[in-house]
Every structure is written in C-alpha cells, then in structure tokens.
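If you check TrEMBL, you get these features:
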BINDING   His170, His235, His306, His512  Fe cation binding site
Amino acid sequence: MDFSKNATERPEPCKAEVKGTIPDWLQGTLLRNGPGIFSVGETSYEHWFDGMSLMTSFSFKDGEMTHRSRFLRSDTYKANMGADRIVVSEMGTMAYPDPSKNFIFKAITFLNHTVPDFTDNGSSNIIKYGDDYFATSETNYIRKIDPVTLETQDKVDYMKYLPVNLASSHPHYDKEGNAYNIGISIAEKGKTKYILFKVPAVSAKDKGKTVPALKNVEAISTVSCRSLLTPSYCHSIGFTDNYIIFVEQPFKLDILKMATAYMRGVNWASCLKFCPDENTLIHLIDRRTGKEVDMKYYTGSMVIYHHVNAFEDGDHVVFDVIAYNDNKLYDMFYLKNLKKDAGSQDSAYSKPSFKRFALPIKSDKGVGVGENLVKLKYTTASAVKEKEGKFTCQSEVLCEGFELPRINYDFNGNKYQFIYGNIVEESALSKQVAKFDTETKTMLYWDEENCWPSEPIFVPRPNGESEDDGVILSSVINSNPGQSSFLVILDGRTFKEVARAYVSAELYKDMHGIFIPQGK
C-alpha cells in the first residue's frame, strides 16, 4: 500500500452496493477525516500527519448507504494549490520559499515561523461545538464544515475567544451538548499554561441565529505548566460527571527550539522531546469549581495520545488510557518509514499498553506513608502514599497492542465494560479491529486478508438493552486485486459481520471520525 499517494475526491453522493442487511434503525452519517494530499507540484510532505485533509462521509438511510468525499478547502490548501508547491509549514514538514523569491519575501516567511502562524489544515478529526461541525487538527485554527455536503465554511481562530495556541482534537461532550476541551497557552503574559474550557450548547436565545460557536466559550480552569518553556503535549483528556483528568506527561514541546526551528532548517516536530527520566503528573480538576483537588498524583514516564474512558467509584476516580513507553510512534509515520513494507514488524516499534489508573480522592489524613489507598476489588491499580497529599500511582495493564479506542459514548464518564479499537501488536498500521471486555479480559476480532480497517466507531441501537447493543462501523481499505473498498458493519455484541457496503471509489487511510445520528 502506498500511503503517500494523493487521494481523489468524490464530492457527489454515490450509492454503495450492500451485501447483507444494514439495520433499519441505523440512520445518520459517519464522518471521517484524515490526510489525503501528500505532494503538490515538485514538493512533498515528509510526514503522513501533514497531508492536506480529505473528509469522507458514509450516510445511512432506510437500509442503504451513500458515500462521498471532499478535500477541506482550507487557506493552506488554497495557498499550496495556488503556488503549485507546499508553501505552508506543517508539524513534520517545513515549507521554504521558492528560491526565486526576493529577500523581503524570505524575511517575512522567517518572521512568520519565529512566532508560528499555524496551518488551518484540520486533518485529524471532526468535532462538534454548539450545533456546528468543524474539521480540526491541533492548532488554533478550526474550519467549519457542512456535515452533509462536506463543503468548507468559516475559518475560526480559537485565539479570538481564548488565549490558546494549540488545542486538542478530542473534546468531550456531556448529555446537554456542552463540549469540554484543553488548550495550551504559550508564553501569554510571560506564562505558559493549560486552559480547560467549555463550549456551551446553543442557548435558547441564540437558537436559529448564526452565532459563532465559540462566542460563549468559558475557561473553566487554568493549570500552570510544570516547566515554563516546555509544556506537555496533550492529545486528549479524561472526563467524568465531576472531574476532568489531565495527564501532564514528560513528552514536551520545546518552545525556544520551535522559535528557531525554521532558521536551523529542522521541522517543528523535532522540537518535541521525551524525557524518560521524568515522572508523569496527573491533574484531577473539579469540573464545577475549576480547582484541582488537593492531592498530587505521580506515575512513571509514559506517552499518552488517547484516553479511553473514566468513571467515579466511591472514593476513587478510575481512568483508562493507551500508553507508550517512548515517543517513537510519531516517527513511524514519516512517509519514508511507511514506505517500508507496511505491516511488517519494525524493530523500532514499541506497542502500547491499555492501562487503568485509580486515584483516591478521600483525604489521606491518618493514613500511613507507604499505604495503598486504592480499595477497589476489580483492579490491581494502586496509589501509594509518599507523604501528605502526594501519591505514587501504578497502573493495571488490561491488555497490550490496542489503539484508537472507542466506547459506547452513552457510557462516557461512567463505569463501562466494552471498548472497540484497532490491534497494533506488531505495527502502527492495523489489519484488525477488536472488541475488548474489561471485566473478562477477553478479545473478539474482525479481519480479512489484505484489508486495512479504520478506527471502529460504535453506534448504539435506540433503546438498546445492553452497553454493547449496537453496531460497529469501520471503513476498510481493500487491497485485494479487483475488489472494492467497503464500510463494514459489525454486531456490537457478537462482533460478527452484519453487512458491508462496497463503494465505487478508493478509500484512504484516515485518523478519526464522528457519527451524527439523523436529525442531530
């Protein structure tokens, strides 16, 4: 498989050929996002994450499915296409001016990179703020899109509403439709900090008006950065009814190095550094007050991209993450590394662990140093008192080689049993999707020869009888000669195939997505 091949967009809806039966209750649209253009003119991106966004939709209605895809018409896309070369820098690829450009043009380009004006190439995920949907990466720019036609609409700058230079592409949503997210504020008033913010659901007075989704954004908590000029990279957060979990990991952005990266001829990604000798600090923030709990929780060094779920149980907050022992994952996706035999085991590859942590939230007064305060019967995770208000946490490893975790989102922030994801035992490129049972520690799999399934998304059956009563949707790249790619629908309980919908277009490797039920 050639991961550096430019995609072709198919903006007109095209009916899929269905084999099996799509459940009649499955009504809505699966939107997916990922990089789709890797070379422009004579120039090419160096990293897969840098490719320009291609959005894909799979719409379900009355047992049928239609497919369409469209490139995000970002300012980045327009500038690159207009110049017929890559002129906007991305995290893993620096764009240098055309050698024929004059000195003043080059000087302006240099200044733009010292205080980076980041890309609006939102190729990582689709998020919902208020009633609007946005293509997002992790910069301060998001692009509003039409979830039906996939047309690109307004460019939105977080900085106009909140002082965040970077923001995660994995917000959480509560039952009322409020969104919660985290951003990094770099050196604002001489301070670097993390800002947890809430984007409220559309209020009654704004219904029917075209009001910017971020107009009523609220900063709910500010967390100081452990090291002023090296904030921790944060890709996602944990979320329960009363708390937000933010893991400040020893995987950091070196701001001074970023400011000089362009001049030194290196990319911004090279300014990410992993400090294996440092510990990881877990922040537990009260959602209502915005204040951190009095306890300090530490664990060993690790790199986390994806939180799985979190829940409260008595005097504990339990949270699950996919954790790595190092930062090699990013390097796996340099296109030169992906060009090596896709799917073959790479000696540099370190597989992730699905880890469960438990944080005691009851006062530790009267508890002896060296005592484990975790009193839950179902986990071996521990939190040992080091001194007053300070704990060293050890996780329980539930399973290994599992990534892109998704759950029945109705159970988000609550005790849950099942998780769906991709098997990445031997390579970051997955050939299997799986269902993991956190109670029995058993796994069910789906795979097919020469097929590459995407992140699986669970859609609950309306008024379902159990947590896993629903279906799993995964778009599948089929590299068998003469066969079409397809979207596979699996039964959430048995993990057996219910139906597949063959599309008359190529599908491409993507990152993340969202299911929008009909009428939402």
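Each Cβ is built from the backbone N, Cα and C atoms, and glycine gets one as well.
Keep in mind that TrEMBL annotations are predicted by a computer and have not been checked by a curator.
Predicted, not measured: the structure shown is a model, and the values here were computed from it.
Annotated Fe cation site His170, His235, His306, His512; additional same-chain residues within 8 Å of its Cβ mean position, judged by their own Cβ, are Ser124, Asn125, Ser168, Ser169, Ser236, Tyr305, His307. Within the same chain, the residues at least 6 positions away from His170 (Fe cation binding site) whose Cβ sits under 8 Å from its Cβ are Asn125, Asn181, His235, Ser236, Ile237, His306, His307, His512, listed in sequence order. Using a 10 Å radius centred on the Cβ of His235 (Fe cation binding site) and all shown protein chains, the other Cβ atoms total 18.
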